[in-house]
Amino acid sequence: MGQEHRRKAVVLFSGGIDSTTCLAVAKAEGFEAYALSFFYHQRHGVEVEAARRSAPALGAREHLVLELPLDRIGGSALTGHEEVPKDVPVEKMSDRIPATYVPARNTIFLSFALAWAEVLGAADIFIGVNALDYSGYPDCRPEYIAAFERMANLAIRETVEGRMRIKVHTPLIRLTKGEIIKRGLELGLDYSLTHSCYDPDARGLACGHCDSCILRKKGFMEAGIPDPTRYVRD
């Protein structure tokens, strides 16, 4: 039973650089990957299409896309009408929690991942959070992940009855964006299939100025390879 649980993993998969690399890492570590994506009425819903394109190419055993009406809750520039911050220096990004923070997003996503993992008999969940090159979101920190893992093992029938123990994997949490990209390239990833921008235009082209675009540009520069992203012309 334990070996069967270790064989499967639920991977939170947005279609961006981090989650795509995370899925590739899970596969490289020998897991059968079940990719989980969300359309939460985010302004950059184009990332879901990127996820749909990438999941089969990455060898996901299954790709589940769930719709969540987080725009009904609001509280974020990603789901409402508030402007997405632009041109924030990298060194200032984590000084305060930005307007692109979505209330409790990773807790919501991880809870769905936990439910699916229990049904699948999968003891492992992968999430591509990063605590170095990031925008200061509280639910990307190591202490948050550790707390969720403790909660998960108190929350479901399979753990309470002793048939599995949930492990939340964060293989990218201490890597820079450049290191993440280098790791992905080692695993054969094509980053032109990914989407990062928080505020794309109607054609899906990246703005080039939001936190996510700036970190993406920084990552490719650090990795020493051309950025394949299609940006809006300034």
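From the backbone N, Cα and C atoms, a Cβ is placed for every residue, glycine too.
For reference, Swiss-Prot has these:
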type    : residues                                                                    : note
BINDING : Phe13, Ser14, Gly15, Gly16, Ile17, Asp18, Ser19, Thr20, Thr21, Cys22, Leu23 : ATP binding site
BINDING : Cys197, Cys207, Cys210, Cys213                                              : Zn(2+) binding site
Quiz item: Out of Cys197, Cys207, Cys210, which of these binding-site residues is nearest Phe13 (ATP binding site) by C-alpha distance?
Solution: Cys197
Practice problem: Please list residues from the chain of Cys207 (Zn(2+) binding site) whose Cβ is under 8 angstroms from its Cβ, counting only those at least six apart in sequence. | Solution: Val84, Lys86, Cys197, Tyr198, Asp199, Pro200, Asp201, Cys213, Tyr231, Val232
Quiz prompt | Rounded Cα separation (Å) that holds between Thr21 (ATP binding site) and Cys210 (Zn(2+) binding site) | solution = 21
Quiz item: Using DSSP and three states only, what is Phe13 (ATP binding site)?
Solution: coil
Self-check item: Ser19 (ATP binding site) and Cys210 (Zn(2+) binding site), Cα-Cα, nearest whole angstrom
Solution: 18
Self-check item: Cβ within 8 Å of the mean position of the Cβ atoms of Phe13, Ser14, Gly15, Gly16, Ile17, Asp18, Ser19, Thr20, Thr21, Cys22, Leu23: remaining residues of the chain near ATP
Solution: Ala51, Gly128, Thr194
Quiz item: When you average the Cβ positions of Cys197, Cys207, Cys210, Cys213 for the Zn(2+) site, which other residues in that chain have a Cβ within 8 Å of that mean position?
Solution: Val84, Lys86, Ser196, Tyr198, Asp199, Pro200, Ala206, Gly208, His209, Asp211, Ser212, Ile214, Tyr231
